[in-house]
Amino acid sequence: MRESLQKLKAIVYANIGETHWLSNTESTHWLEHIRLMLAGALRIADKVESGKMSVVVHCSDGWDRTTQLTSLTMLMLGGYYRTIRGFKVLVEKEWLSFGHGFQVRVGHGDKNDADADRSPVFLQFIDSVWQMTRQFPTTFKFNEYFLITILDHLHRCLFRTFLCNSEQQRGKENLPKGTVSLCQLEDFTKPLYGSYSNHDLYPIASIRHLELWVGYYIRRNPRTKPPEPIHDREEELFAKRADENKFLLKGKCCYKFWHQVILK
């Protein structure tokens with residue numbers, strides 16, 4: 001996983017010609033790891049929902065692959081976890097309460113960037129969530145910028161959510177008193193969130209349906225980053241929706257005034 005991420009970082013800022021971009025991206029095998037993760041979660045979701053079975057999920061440590069798979073499965077089967085509040089609950093329940101070692105995997109406070117324990121476990125999970133939001137754009141209440149903000153603060157250490165390796169360590173360091181929780185993150189609502197939000201989701205776990213997350217991995221490269229952040233467009237959609245609601249409300253008031261005053 002570490003080698004795959006290092007290869008991905010190497011091609012993001014490299015001066016690679018257009019003809020070699022796809023082949024270099026494929027050589028990182030990053031999307032293959034994402035595909036395998038989604039495929040595993042799909043298998044669990046099918047056993048639970050279609051087979052009506054109880055499933056035991058466990059990797060070598062119990063807080064890396066296990067957490068990735070259970071979290072993605074809950075997103076597929078639970079509409080609540082696809083809301084902003086629900087996603088925060090999911091992270092704190094599956095990642096924090098079950099002891100995912102954020103300090104070990106991210107390397108907070110460790111100057112040895114070649115530490116063998118470092119691994120992009122949480123990054124892969126968020127990337128997989130983004131892939132699902134692409135395939136089902138109206139079933140997630142949060143937008144892409146919400147996921148990017150979470151990953152940014154994973155390294156900035158603003159939130160106590162991503163500090164230390166366990167609840168015991170966070171309590172010992174009195175982090176609840178001195179830091180901010182992920183639950184205090186401001187809202188990033190998607191305007192396309194619709195009425196099918198509570199349906200079960202079964203994303204297609206195929207390389208043909210997966211894409212490199214350009215909005216996150218390449219946003220710092222001035223040559224290739226998107227010219228217009230998606231959250232800016234979403235703010236415009238919210239503004240237009242607000243204007244339309246005001247217009248409709250004004251129309252209802254005029255209709256009521258016409259019938260109650262003029263026609264009377």
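All residue numbers here begin at 1 and follow the chain in the order shown.
Just so you know, glycine gets a Cβ as well, placed from its N, Cα and C.
The feature active site, phosphocysteine intermediate is assigned by TrEMBL to Cys59. Annotated substrate binding site per TrEMBL: Cys59, Ser60, Asp61, Gly62, Trp63, Asp64, Arg65, in sequence order. Under the heading domain 'Myotubularin phosphatase', TrEMBL lists 1-217.
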Residues satisfying Cβ distance under 8 Å from Arg65 (substrate binding site), sequence separation of at least 6: Gly40, Cys59, Val121
For a quick check of packing: other C-beta atoms within 10 Å of the C-beta of Ser60 (substrate binding site), how many? 8
Quick one, of the binding-site residues Asp61, Asp64, which Cβ has the fewest other Cβ within 10 Å? Asp61
If you count Cβ atoms within 10 Å of the Cβ of Cys59 (active site, phosphocysteine intermediate), leaving out that atom itself, what do you get? 12
